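Beneath this line is the structure, given in structure tokens, with notes to follow.
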Amino acid sequence: ARGAPEFSFAQKIDYLKDKIKPSFVKERRAMKREYEEFKVRINALVAKAQKMPEEGWTMQDGTPWPGNNPRDHPGMIQVFLGHSGGLDTDGNELPRLIYVSREKRPGFQHHKKAGAMNALIRVSAVLTNGAYLLNVDCDHYFNNSKALKEAMCFMMDPAYGRKTCYVQFPQRFDGIDLHDRYANRNIVFFDINLKGLDGIQGPVYVGTGCCFNRQALYGYDPVLTEADLEPNIIVKSCCGSRKKGKSGNKKYIDKKRAAKRTESTIPIFNMEDIEEGVEGYEEERSLLMSQKRLEKRFGQSPVFIAATFMEQGGIPPSTNPATLLKEAIHVISCGYEDKTEWGKEIGWIYGSVTEDILTGFKMHARGWISIYCMPPRPAFKGSAPINLSDRLNQVLRWALGSIEILLSRHCPIWYGYKGRLRLLERLAYINTIVYPLTSIPLLAYCMLPAFCLLTGKFIIPEISNFASMWFILLFVSIFATGILELRWSGVSIEDWWRNEQFWVIGGTSAHLFAVFQGLLKVLAGIDTNFTVTSKASDDDGDFAELYVFKWTSLLIPPTTVLIINLVGIVAGVSYAINSGYQSWGPLFGKLFFAIWVIAHLYPFLKGLVGRQNRTPTIVIVWSILLASIFSLLWVRIDPFTSEATKAAANGQCGINC
């Protein structure tokens, strides 16, 4: 992963051109030189660490390092900057810096990223217990030093702060080719979809670039006003809030209504009853739930449970600092989450490779709102897979996660109706999990133009002028909606077109595989993996990775669609040439749809042939074989021709001739 200095120094800018102070240029050169020296030292350490001795690493005292086996080691915590940490050049106390490696043992389900995040929630609550958490992927870096201040403006807002679960920033990327061939920037999703959701109940959680309210991750209900509790959720979602007859009564919700809104079988705290300090909670805890229920929900750690009551963060005053590290090791052990609500009702939710969607959905179902923050200068930037195979495998993982949620108990279609999830927000979540299913009709529509060219029939039957008007109005309304979205969001036509192209590319490959892989995994317990198995790269140069080709099964369906449509175009033109002038008119309509499909798949075709026009033989063979089978099968079935016509063509005539 590249950091901000790497990207900053890589920019080709002539700082002497715009009359910049010479002192700035001199300092920048000195800083770049120091950074290059620092990078050399870090790379040397990395190279050394990759050459692990046969007996494993040893520590300074000569004992073996506990982490020599990455799949079997105890929990490890190293405090670089603790409560008595260092100071910066201005004398301000530096933030805590702590390395955490949770316990790993064979036979335990560690839940990958979601399990790691839950372990970090607990260990940070024990050691520092900040009121807010920032989640950034390892390949992202800070691009805006004021990003956290932007988030805190919402989190600490008197009106919205106590019901805001997270502030989501859009993802922005470096190192993508100028034309964004494979729609890596996801401009339509980040600049249209999420901005639209910000006006309902907030954007979905996208897994990175997100600042969380710790209380929301603990499964607490938000502090809502009477206006938020209006019973007519459908009217409120679609038409906005209604004015209530009673005015002036803006008290926060009481404990009974908080308990009724939760999906959990264990009562959830009302944050109105949570005050600062542990001493004031003894009576409240005895009223809300017993210590046994607390342990069943949060695990057997009195220190962590006490920390969950601290709404404004901070270590409880009654905590003994000497026991903190021991307790921190305890909460990251393998068996800590057994028979608790971790991953089910609190923390990052388990059950899908896209745990981000599930986690945000559970919070919204409890009534929390989220905020979409888009500062002019992007808050975070990261790297994205820019070659075709890696991009398709990334989309496959996302689509597979959506199918897993669709087939789980947390499916937005039927989950959370006792909560406070708004109707339009629910529809948005449904859209995020059912989109892979559109790959099946999409694949059929991409094949139909070629089959029509091969058989001489058109896609749609002849319709009346009145029906044609409705058909045209439908397309005009869809087109007008798209134009309005582009004007409102500021997305360019090129970005929109790239998104449309990759929707077809992903729909005929990754989404299709995800549907069948998800069904096999959930219904039959068969975990099929479509991963990259080999690689062939082109010469180095600008965006050299764009031309790297990696063989994957995902390439076969789109290649088949391309070949069938190309064969259909050749067959249709050949038939028109042999049939005379009168056959050219109907041909143009058929050619339009086939060329439209190929235009959507053009970036895929460029990625398939690469810079040197090389395509693996296995892809060509499989694609031609499948194209031939489907074409012959279609001609044999010939669904556009009636049985009587077929019989007459074959010379068979019955009683009804």
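Backbone N, Cα and C atoms are what each Cβ position is placed from, and that goes for glycine too.
According to TrEMBL, the protein has these features:
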BINDING   LYS112  UDP-alpha-D-glucose binding site
BINDING   LYS113, ASP137  Mn(2+) binding site
TRANSMEM  433-454  transmembrane segment
TRANSMEM  466-489  transmembrane segment
TRANSMEM  501-520  transmembrane segment
TRANSMEM  554-577  transmembrane segment
TRANSMEM  583-605  transmembrane segment
TRANSMEM  617-637  transmembrane segment
Any contact between the transmembrane segment (554-577) and the transmembrane segment (433-454), i.e. 3 or more CB pairs below 8 Å with pairs at least 6 residues apart?
yes
Got a sec? Which of these binding-site residues, LYS112, LYS113, has the most Cβ atoms within 10 Å?
LYS113
Which residues, given as numbers and ranges, are at least 6 beyond the ends of the transmembrane segment (583-605) yet have a Cβ under 8 Å from it?
181-182, 388, 446, 448-450, 452-453, 458-459, 498, 500-502, 504-505, 508, 558, 561-562, 565-566, 568-569, 572-573, 575-576
Within 10 Å of the Cβ of ASP137 (Mn(2+) binding site), how many other Cβ atoms are there?
15
I need the CA-to-CA distance for ASP137 (Mn(2+) binding site) versus the residue listed as 'UDP-alpha-D-glucose binding site', whole Å please.
14
